[in-house]
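Down below is the structure, laid out as structure tokens.
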Amino acid sequence: MLFYVLARKTYVRNLQYRGAHLINTIASSLFGFIYMSIWAAIATDQPLGEYGSAGIVSYVAFNQCSLWVAAFLTNGLGIEQSVRTGGIALELMRPTHLFYQLMCKEWGQIAYQFVYKFLPIYALYAVVLPMYMPHSLKTWLATAVALLLAGYISICINYLIGATALWTTESRWLFWVNYAFNSLLSGFLIPLEWLPKPLAFIAHWSSYPSLNYIPTRIYLGLSSPSTLVRSVAWAVFLTICCLGLTKLMRRKVEVQGG
Amino acid sequence: MKPMITVHQLSKSFRLPQPAPEGPFRGLRTLMSRQYTEKEAVRGVSFSIASGEFVGYIGPNGAGKSTTIKMLSGILHPTAGEVQIDGLNPHRDRRRVARRLGVLFGQRTQLWWDLPVRDSYDILAAMYGIETDRKDARITELADLLQLGEFMDTPVRKLSLGQRMRADLAAALLHDPDVLFLDEPTIGLDVVAKRSIREYLHSINVELGKTVLLTTHDMDDIEQLCSRVIVINRGTIGFDGTIDELRRRIGLPTLIRVTYRQTPVLSSTGLASYDDSSLRVTEIDGHTVTAECNREAISAMDALRLLEQYGEIEDVHMEEPHFEDVIHNLY
Amino acid sequence: MMNGLRMYGLLFRASIRSRMQYRFNFWFSSVMLAVISIVEFLLLAIVLLKFGHIKGWSLAEAGWLFSVLSLSRALYRTVANDVHNIESYLVSGELDGLLLRPIPVLSALMSRNVSFRFGEVFQGIGILAVSMSTLMREGQIGWLSIPLTVFVILSGAVLLFAIGLITATAGFWLTRITELQNITEDAARTAVQYPMSIYPRWLQGILVGIIPVGFANYMPGLFVLRGDTGWWMLPLTACIAGALFILALFVWRFGLSRYQSTGS
């Protein structure tokens, strides 16, 4: 119930800015075209492995849409701001766990972005590009689950980033660094198997592929849904981290007296 | 004396786009729509302020105070009418007028937040083209007057609100302007800090001879500092004169509370000889009687003599009307 | 003018001092910014290392395009950081405070905050040095390209400043301009980080004709790196940057006078 109330509030709050967000959506789709053009240019000279020139365009296009579910969340879930205003002490005192509160709110944000950004950009690409569409219901379902897991993992990571605001005033930089790593290690622009060995190794052992690489490959029918096991494992592990960190936050706030 | 500030038939109206009716793309349609509502913030305001005057400019929220100040300082251009600051028009000569103006916004600082107070003065001095020698002399003088010494090298963000206000005041005075506009200079300050700011403002007016225009919601500021008050309401001037004139014009009653030795016996004849507005019993509570007395019509002694008819007086308490209530009545 | 420069020097030192109040944060954010822009370049570099070239552009050439643009941008944002942040001035009403100063509002705005972008500068110079030395070793460019590159960077900074200023001016009408900046500044700049020939015609047209960021690196790069087009490309580049800058100042003054008569 609380989940629904918090999520819905965030969703409705966002609705007011639909007009401004529309321009944002246009910009985002332009960014996608830029990345696709890179691959399209390369594909004129050489074959592109199992993706093929059409496949790689769909790969980048779907990733660009997924950003709105898995990457562009509220900066550190807004924890930095509430640390600055001192509201964090209040939020930690509420009977509901801080992580749960913020997660509920963020799902509202993700839901809004799915409807007003993911879907319009996807529809645009589906019209103007030779965009690949899965044929089986099973693939659609698996993709949906993969995106949900991606959203959840991203929420966890942002929670961890936001929480650092209690220790340093510059936590917002971590958000951008996380975003930069995300674009490199999640397979956003370059499929992981084409990364140089050391980077591929790091990416392989990080949670980033769950955000783009895994969902998009499932969508393209290149990976089986069983690859989601990794995403589930990361979701569980990050949840434990978030809960543990909240304990530390509580102690820190108690010591400082807010 | 030559007027420092002249305002003649000043008007300002804003055109507000009419919000489009509910429906999809409302924001966009509002932007495109050609329908406006005209809002007159200031209508035909005229006054003239002589050099060295300390004038309070007051009015309720949304009365047009800040719009007027913005037009006086060249931030906004008037729809009609004319402003002259020392013979210059702030609309056409914004930058030259800016040199003669010092402005203080109590709500926000004009200093550089992360820098020591002194550094902000260096930057401002460079902006106003003040030479180093003159700047140093000026800072010493102001630091002395406003007692800035103890926090001259502290970053602005670490100052208390009272200290910050003094530092801001010095910033407004750094280029030695003839005219000062003060917008809520005591807002948010505690009683002690308010008092000290008022003392500084008084000496800036008297010792440095600055012409000051003060807007505030704190009526004590007005009562203690201003020789003259201009009241603006709904865009027009409702009053322009001294504080005493203002009091008289409103004619708020003095309250007299009399305690008698015995229960007073109120005869109907006692007060009948006076007109209702000059002395009127408003409350009887056991031994105590409260009456309102219009000092324009009857002296306090006469009023007491009348009240003595009800019995032997044990104690008298008199209350002058609060200035705040005077103003409230005017709005 | 002398006075303006003196004030700028003062502000520059003051800004360093104010940033140094948070010493850790200063270095941390600089390093982070550098990491972010290096990762941005890495994305392109990896693709080029894997596939050799992109529409005939080698890694060294693409590195030149990328770093020239970063340096122009770092320069623009150092000099005029708060032009980019005008929205907050409009929302909070702080712009009124700037109108009280006896200097042009644009100078007052530019002098409010000087931000250093050490991270971007080091990253830019680093990539530029590697790219140019590679190209020199291969004999593709000579020593003359060094002053030409400096010229391109400076003219690019003016161009980006002009685009930023025109976008900022839109704020006098719209107030909220973050989304608009997202297109005219961020998306357009990201696009020309990569060799422009990879884009479809319509997009190239936009990047040269409507938001002419193409003239910040790609167009002059054609001449500096490859001797394509003629020497006239450089004066043309400077002219476009200069003309757009003058246009921007004109638009800015118009917007400001509108602001003063509407107060919105």
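Here the Cβ of each residue, glycine as well, is placed from N, Cα and C on the backbone.
Curation plays no part in TrEMBL annotations; they are all automatic predictions.
Listed in TrEMBL for this protein:
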TRANSMEM  A:21-42  transmembrane segment
TRANSMEM  A:54-74  transmembrane segment
TRANSMEM  A:114-133  transmembrane segment
TRANSMEM  A:139-161  transmembrane segment
TRANSMEM  A:173-192  transmembrane segment
TRANSMEM  A:228-246  transmembrane segment
Q. When only pairs 6 or more apart in sequence are counted, do the transmembrane segment (A:228-246) and the transmembrane segment (A:139-161) reach 3 or more Cβ pairs under 8 Å?
A. yes
Q | Chain residues outside the transmembrane segment (A:139-161) and at least six past its termini with a C-beta under 8 angstroms from it | A | 66, 69-71, 73-77, 79, 99, 102-103, 106-107, 110, 171, 174-175, 178, 207, 210-212, 214-215, 218-219, 221, 225, 228, 231-232, 234-235, 238-239, 241-242, 245
Q) Going along the chain, which residues at least six beyond the ends of the transmembrane segment (A:54-74) come within the CB cut-off of under 8 Å? A) 28-29, 31-32, 35-36, 39-40, 43, 48, 105-106, 109-110, 113-114, 117-118, 121-122, 125, 129-132, 147, 150-151, 153-155, 158, 179, 182, 186-189, 191, 211-212, 215-216, 219-220, 222
Q. Same chain, outside the transmembrane segment (A:173-192) by at least 6, Cβ under 8 Å from its Cβ: which residues?
A. 35, 38, 51, 56, 59-60, 63, 67, 70-71, 75-76, 157-158, 161, 164, 199-200, 202-204, 206, 208-213, 216
